[in-house]
C-alpha cells in the first residue's frame, strides 16, 4: 500500500541483445510488461527500418484473420473465449502459421464463391419456374386471360405458326419497386403497342451477392415485330430485369417446367452439402481464431519494438533503451537470460543502467482493487514523476462524497448488491470479453461500486432515507403535544424541550 503514495522510481536501462536471440528476448520482456522502450530511430522512415518486412507479413496475416473472423460472424458461429493467453510463436512456427492462414483463407474463399455460384443458379431456376408457371396461367387459364381477342390470336399463332405478323412475348422477373417506371417506359417506347401482364412472386428471393431478400414480380410483355422486341430487351437491361426463354406451346412449357423442378431439387441438395461443409470448416476455425489473433498481434508488437533498436558498428548486436522500475530490474535481467537461452545464443544478453537528466515517465503500480481508483485519477490528469499520488485517499473520499450526494440506504443496498455480484463473478467476466463498452466500464469499477453502495447505505441511515421514505426504527425522541386549536390559532408551535424531549438523542441519523 505504501507504494501508492508516490509513483515508482524509474531507471533508464540500455539493452544489449544478440540478433539471433532478439525475437525471443523481446517476447519474454513483453510477457513481463515491466519496460517502456524508447525509439532510437526517430529520424528513420517507418518503411526503411530493419524489420519492416516482418511487420508487413504480420499486417497481411491480420488481414486474413479479419476476413476469416468476418466470415465466421456472418454465419453466426460462436467464437469461444481464450482462457489462457498464448505466447508469441517461435520464428520457426511463424512460417507454419502463415501457411495455415493462407490455406484457411483460400478454403473459405472457395467455399464462399461456390456458395454464391450455387445460390445464383438456384435463384435463376426459381425465377424461371415462376416465369413458366405465371406465363402458363396467362396463356391457358381462362381466369387469367385478359380479353378474348388476345387469347384467340395467341392460340391461332401457336397452332398455325404464322411467321408474318406473329405476336411474340418477352418474359422475365424484375424488382417489384421498379414495376411502375418499367411499365411507363414500355408504354412510351412502343406508343401503347405492348401488352404487359404481371404477377407478384409471393415469397421473397435471396440476392446471392448481398444476402438480402428482395420482392420480385414476373412480367410478360406481348409485342409484334422484331424492332419492338429489341426495344423491350433494351428496356429490360436498363431496369436490370432478368429475361427467360418461355416456349409458346403448352406441352413444351410443361416439359421445361418439369426439368426446372428437377434441377431445383439437385441444386438444393448440393447447396445444403456445401453449407454443411462450410459450417464444419468455420466451427473448426472459430476454436483457434482468438489464439491466432493474439499470437499475430504479439508477433507484430515484437517486430515493432525491434524497429526501435539500433545496430552496433559491428552489426552483431542490437542496442535498445528502455525505462524500467528499479524494483523490476531483476525481472528484466531474468527475462533477457531466458530469451537468450530460448534463442540459442552463445552470448548472453545483458542490461546496463545509465545515468540521465531526462524526466522519467510516471508509473503507478496497481492491483485489481486500486486500478479503478487510479484510472479515476488519471482521467483528470497524470501526476509528474515521484509526485504524491492521490489515488490512495480517493479510495475513501470518492465513495464518501458520492454517498453524501446519493444518500439513500435502499438504492445504496441495490448498488452494493450489484457490486458484490460483479465481485462474485469476477473470474467469469474477466475471461469472457464483452463487446459492450458500458459493461466494461461497470466491470472495471466493480470495487468502486461496492464502496459507493456501502457508503450510501451509511449516509442513508444518517439522512433517515430509504427509497425516499423515512424510517422510524428506534422511535422518536420528541413528541408533539400541541392541540389542533393551538396549531390553527398560532400557525406555528414551538416544542418545549423540558416536556416534549425525551432527554436522549436519536440513536442514529435524523429523528423521524
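The chain as shown is numbered from 1 upward.
Backbone N, Cα and C atoms are what each Cβ position is placed from, and that goes for glycine too.
As stated in TrEMBL, the feature transmembrane segment covers range 444-463 out of the listed 424-443, 444-463, 464-483. Within the listed segments 94-121, 122-149, 150-177, TrEMBL records coiled coil for the stretch 94-121. Counting residues 6+ beyond its ends, the transmembrane segment (400-423) has Cβ neighbours under 8 Å at 429, 442-443, 446-447, 449-463, 465-468 in the same chain. Outside the coiled coil (94-121) by six or more residues, the chain places 57, 61, 64-65, 67-68, 71, 206, 208-209, 267, 270-271, 274-275, 277-278, 281-282, 285, 292, 295-296, 299 with a CB less than 8 A from a CB of the stretch.
Mean pLDDT of the predicted structure over the coiled coil (94-121): 92.
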